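Student: Just lifted these from TrEMBL, have a look:
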TRANSMEM  A:12-39  transmembrane segment
TRANSMEM  A:59-79  transmembrane segment
TRANSMEM  A:86-108  transmembrane segment
TRANSMEM  A:139-161  transmembrane segment
TRANSMEM  A:168-188  transmembrane segment
TRANSMEM  A:200-226  transmembrane segment
Amino acid sequence: MSRIMKVARMQLINKWTFIGIPLIVLAGSFLFTLAVWYLVRRGGGEGTLYGGGAQAPMWYFLALGIQALTLTFPFAMAMSVSRRSFYLGTLALFGGCAMVLAVFYYLMGLLEEATGGWGVDGRFFALQWIAENNWLTQILFYFMLTVLLFMVGFYAATLYMRWRTTGVLVFTIGLGLALLGTVALITLTESWPEVGRWLAGWTAAGVTALGAGLAVLLAGSSYLTLRKATI
Amino acid sequence: MSETPAITTRDLAKTYKDVRALDGVSLNLAPNRIYGLLGRNGAGKTTLMSILTGQNFADRGTAEIFGHTPFEHDPTLARLCFIRESQKYPDDFKVRQAFSAAAIFFENWNEQLAQDLVKAFNLPLNRRIKKLSRGQLSAVGVIIGMASRAEITFFDEPYLGLDAVARQIFYDRLVEDFAQHPRTIVLSSHLIDEVANLLEHVIVIDQGRIIIDSEAEDLQGAAVTVTGSAQKVEEFIAGYPVIHRDALGSLASISIRARLTAEQRARAQILGLELSPVSLQQLVVRSTLSSQSDREQTTERQAIK
Amino acid sequence: MIDDSKPIFMQISELIENDIISGTLPEESQVPSTNEFAAFYRINPATAAKGINRLVEEGLLYKKRGIGMFVAQGAPAKLRSSRREHFAKQFVTPLTAEAAKLGIEMDELIAMIKSTSAG
């Protein structure tokens, strides 16, 4: 068995972390949303109900991305694993988990539509903007989102491993300045309406492609950063 | 020797900001022996071992394990085991899970040995690692290092927090297992007397420099402390390299590097001088002190006065 | 036991030599193995082996393949004669030196030795 696969196996030693907790987070937020919807209907609320709780497990992946690095990386080094094997093994495992999650979302979305929004016309999984696309786009969208969030966490953590607090600080401040600059630019040129139109023009496929590109960029940079990281 | 050295370094250097962790370290370690890597805290021991295991990088020089650069080289890394003194474990890991992970990665992992050691150290397998005491944490590292039976195993101050009994268990098991399964062991320590008898070769590092690199047997009995009236002591030690001087009134106690013959010992007795062996620990301490710069030494003496 | 006065392998050979001279290890008896020595004295097995091999080279021990090390015929006698040679240097010289320091006359010293060995 290659050391890359061994890394994935090591990450899975504590099955709760990768499988149990995301499922609980998802089930919890789903049941909670259902309960709220039920109460809203009882109280006479009308129209389609939306719940954003489906994102919860994805945000958990961001935290996992950080944890996989800060704690598991030093341990993997002690297990005599190269940075490359650690990186590939961890990414492969997360990729697999993200794919499972994406397919699961898609299937739940189908179920949601078939049951008329769980009997209360609620939208938890099949948010319209996504659900109106074909199956492949839907699955890829969920997959991309999960991987992207994981990569954000992972990348922030690699910055930390390599340059400690300074690295994270410089990165965050830099990102903040860039965002502020963009906002300022748009405001000063009074181009908000155009930006609004431009944003509305994005299709799910387009967002998926953009997000995937970003995730690949983060993956590449985190590898280059990790290669020279010490513990 | 024609066999490939286990570890070779040439002119390794590493600087952290303003601290010189390693400064021109060149070493040659033969396989299947027990090496002691001795020195004070912060002398550069951990940095050296991190570079040898590809966990860190040198600014200058080369390090090779069985003829290969270890950095990012999985086949070479797979032959090594280095659990650091401040080893981190995944937050959610229980002791049992750390061993399961080690069993995945170390091809020579011996589960029976691991279990025996768990019993000997009285380690709670189902407790989370972050809840362990310092001694128990050290025990986890020791067990992984021993049971990995890696071709080159590094022990980094493995006894921190372990009581005298547990340390003895470690040394006993190490001798026992090494006898059955010879491999290269690098034992980093500043508790020198405890490990002195286990070592075949001694490397002493101070402020990033190697100040002793000799066979243990060349160091045992290689120095002697001569005590007696100052004048007679001076007379006796004339011509030998002095490693330490102490004086109390007209009494002097001077350690010299020398292997005395029976005649010399008899002569010492005639002069009324007392001879006492210098332990490895004392030898290292003295050598470390004398390797520091003259200026520092002067300051130290003034401070004592 | 092991101390810091000289290399450990020499101390191991001397321990075995002492046992041979005192009869604790008679001729043709088996000597503990390298690993037994290592475990007992908590020393490196290679060091113990070196101490034992030194005695093999001197013909005091011999190896039975697959069984272990044994005390050679004539080993005690051989050891005694070589120790006699060193006796003067090791014991008599310091003795006389100390006696001279304390002002003990030669006759007095001899009398002391006689009375000690009689008692």
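We number each residue from 1, going along the chain as drawn.
Even glycines carry a Cβ here, placed using N, Cα and C.
Curation plays no part in TrEMBL annotations; they are all automatic predictions.
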Student: For the transmembrane segment (A:59-79), find every same-chain residue at least 6 residues outside the stretch whose CB is under 8 Å from a CB in it, and list them.
Tutor: 7, 10-11, 17-18, 21-22, 25, 86, 90, 94, 97-98, 146, 149-158, 160-161, 226, 229, 231
Student: Given the transmembrane segment (A:86-108), which of the listed stretches A:139-161, A:168-188, A:200-226 has the most Cβ pairs that are under 8 Å apart from it?
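Tutor: Per the Cβ under 8 Å count, A:139-161.
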Student: Other than its close neighbours in sequence, what residues sit by the transmembrane segment (A:168-188), given a CB gap under 8 Å and a spacing of at least six beyond its ends?
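Tutor: Contacts of the transmembrane segment (A:168-188) (Cβ under 8 Å, skipping residues fewer than 6 from its ends): 156, 159-160, 195.
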